[in-house]
Amino acid sequence: MAPQYAPSLRSRLAPLLLFLQIGFIVIYAFYTEIDSNVKADGTTFSSFYSDFQDVNVMVILGFGFICTFLVRYGFSGSGFNLLVAVIATQWALILNGTESWYYRGKIQINLRSLVVAEMCTASALISIGTMVGKTNPVHLIVIALLEVSGFVLNEWLLQTLLKARPVNSIMLLHIFGAFFGLMLTWILYRDESMQRFEKEKYDRKTGLFSMLGTVFLWMFWPSFNSVLLDNRIPGRKLGAVCSTYLALAVSAVTAAAVSVLSSPKGKHNLIQMQSCILAGGVAVGVSMSGIHQPWEAMTIGFAAAVVSTIGFRYLKIHMLLAFQCHETCAVMSTHGLPGLLGWLAQLVLEIKDCDDHTTAIRFAVFHICTVLITITLSLSTGIITGLLLKWNFWRPPQDKKCFDDQAFWEVGNQVFIYIQANTISSQGE
């Protein structure tokens with residue numbers, strides 16, 4: 001049976017994609033240029049290109065494969081991830097280059113700006129993780145454009161009002177993305193969520209592909225946390241890589257242990273494991289500037305894994321029952337809670353290293369304002385986006401079509417019938 005909303009998506013998706021891409025081409029033609037100048041921090045092209053590729057693999061392969069755990073949503077999980085990522089990255093390059101355009105007349109594009117744009121895209125993909133399977137591709141594109149816009153605005157506010165360092169403001173992407181997605185799930189709640197969707201399930205094959213995405217993320221997360229650090233400070237980038245790896249290693253071991261302890265049958269849960277072993281990387285990324293010793297990173301990784309694993313087991317169901325928030329990929333447990341834990345760890349570590357009480361109090365006030373602005377802006381932009389997407393003009397999929405590739409892709413018998421019909425037609429001619 002053909003999907004009910006296929007004609008409507010044809011009249012909406014294709015014009016939207018063509019309009020956006022042609023618009024981007026026009027903007028890039030008149031207002032961008034490649035920045036070929038050598039960076040002052042001593043970063044060579046070859047060394048930074050390898051870091052860029054690591055981040056690129058995380059955004060395209062890591063986030064793409066991790067969303068393929070649903071039995072009948074593999075095409076959409078990986079395919080729509082790529083579509084959204086490339087659109088969001090182009091949009092983020094424009095928004096991040098607004099200041100350069102204002103002062104120089106051109107948006108400067110280099111490897112660093114590409115990395116920053118992809119990190120903004122990662123925040124959008126985190127938000128989309130809450131709505132996987134319950135939206136159509138038009139929804140996803142609108143979410144990505146508005147979420148990236150909100151995140152870039154949050155960066156600008158933090159760096160302008162609170163004089164936050166660019167690296168610190170960007171690494172809040174986990175908190176921003178998680179709370180933005182939380183508002184989407186609340187506004188776009190479906191009654192079917194309470195009984196669990198018929199096709200919201202996974203099996204061995206899809207679980208294996210999803211685990212592959214987790215492995216990609218786990219392997220390249222040290223580059224993700226260290227790529228924007230200044231090479232002119234001796235040992236800072238190396239320390240970030242080592243701290244992230246140690247936190248990831250500890251969180252993987254801890255998540256395995258807590259997963260068994262929290263299971264009624266005393267067994268591992270694959271989806272829970274693949275979400276929670278990344279918690280250490282999230283927490284350390286947010287608190288990186290305050291970490292100076294390996295044991296600090298390992299302790300943060302341990303605490304993040306415990307919080308994430310318990311949150312996955314209990315928080316998701318309680319959020320559904322109490323607040324009617326149904327998130328598909330347990331984003332709050334994977335990114336939200338570890339991100340807040342990392343923010344708290346940075347506050348404690350920075351205050352511990354302060355010799356002057358006045359400086360410590362000043363830092364605490366600014367640090368608290370940083371997270372308050374981030375959460376407030378993410379919640380408000382998430383609510384605005386959710387209310388916009390609630391309009392039936394976007395043609396959301398029916399409950400029975402949720403978590404199903406057949407609504408958007410030619411799969412299985414549809415492909416065979418299409419090929420057979422073309423063959424018969426050509427023979428008749």
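Quick reminder: no glycine exception, Cβ is built from N, Cα and C everywhere.
According to TrEMBL, the feature domain 'Ammonium transporter AmtB-like' maps to 19-390. The transmembrane segment feature in TrEMBL is assigned to 12-31, 55-75, 82-103, 140-158, 170-188, 208-224, 244-261, 273-291, 297-315, 327-345, 365-389.
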Long-range Cβ neighbours of the transmembrane segment (244-261) (under 8 Å; 6 or more residues past either end): 218, 221-222, 224-226, 267-269, 272-273, 276-281, 283-285, 288, 294, 297-298, 300-302, 304-306, 308-310
Touch test for the transmembrane segment (327-345) and the transmembrane segment (273-291), at least 3 Cβ pairs under 8 Å: yes
Highest-contact recorded stretch vs the transmembrane segment (55-75), from 82-103, 140-158, 170-188, 208-224, CB pairs under 8 Å: 208-224
Mean per-residue pLDDT computed across the domain 'Ammonium transporter AmtB-like' (19-390): 89
Other parts of the chain folded back onto the transmembrane segment (208-224), taken as Cβ under 8 Å at six or more residues beyond its ends: 50-51, 54-55, 57-58, 61-69, 74, 119, 122, 202, 240-242, 244-245, 248, 252, 270-271, 274-275, 277-278, 281, 285
